[in-house]
Amino acid sequence: MPGHYSYSGQSEAEKYYNMIQQEERRLIDRRRAEGQSTYRMLQEQRQAEQRYQQWQEQQRLEYERDHAREDREEGMRQQERWRQEQFQQEYEERRQRELVVHEAERQRHQEEMRKQTFARLQERREAEEEDVRQQQEENAAFAEGLRRRERITSIRDPFTMARDQGRWEDHIRRGEEEIKRRFNAERERDNQEIERRQAEQRAAQAAQMRAAYEREQRDREQYGEQREHERRNRRLRELAINQARNERVRQEEAARRGY
C-alpha cells in the first residue's frame, strides 16, 4: 500500500510536469508563430515600401517623359511655324521678283511698241510728204503742159478751156483722193497692228498670271500635303505613346492586385 501511494504520487507529478512542459511548448510555438508573423508583416511592409518607391520612380519617369514629349511637340510646332513663315517669305520674295520681272517686261514691251509706233508714224509722214511732193510735181508738170499747149495754140475756144480746166480739177481731185486713200489704208493697218500687239500683250499677261496662280496652287498643295503627312505621323506617335502608357498602367494594376 505504501508503495502504491508512492507510485500514485509520482504519476501525478509526472502528469503535472508533462502538463507544464506542454504549456511551455505551446508558449514557445505561439511566440515562434508570432515572431514569424511579425517577420512576414515586416517583410510585406518592406515590399510595400519598395513597390511604393518603384511607383514613385515610375511616376517621376513618366512625368519627365511627358515633359520631354511636350518639349518635342513644342519644338515640332515651332519648327512647323518656322517652315510656314519660311514658305510665306519665299513665296512673297518669289512673287515680288516675278512682279519686278513682269513690270520690266511690260515697260520694255510698251517702249518697243512706242518706238515701233513712232517709226511707223515717221514712215507714214515721210510717205505722205513724198506723195505730196510727187503730186506737186505731177501738178506742176500738168500745169506746164497746159501752158505749153496755150503757147502752141494761140486761140482757144471756151469749150477747150473748160475741158482743160475740168481735167485739171479732176487731176487734183484724184490726187487728193489717192493721198487720202493711202493715208486711211496706212492708218487702218497701224490700228490693226496696235490691236494685234495689245491682244498679244494681254494674252501674255494672262498666261503669266495663270502660270503664277498654278505655281502658287502647286506650292500650297505641296505644303498642305507635307503638313498633313507630319500631322498624321504626330497622331500615330501620340497613339503609340498612349497605348504604351495604358498597357503599363494595366500591368501595374494587375501587379498591385496580385500582391
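Cβ atoms are placed via backbone N, Cα and C, with glycine included.
As the structure is a computational prediction, the values presented were derived from the model and not from experiment.
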Which range, 41-61, 125-145, does TrEMBL list as region 'Disordered'? 125-145
Same-chain residues at least 6 beyond the ends of the compositional bias 'Basic and acidic residues' (245-259) with a Cβ under 8 Å from one of its Cβ atoms are 47-48, 51, 55, 58, 62
Within the same chain, where does the compositional bias 'Low complexity' (201-211) have neighbours whose Cβ lies under 8 angstroms from its own Cβ atoms, ignoring anything closer than 6 residues to its ends? I mean 6 or more beyond. 98, 102, 106, 109
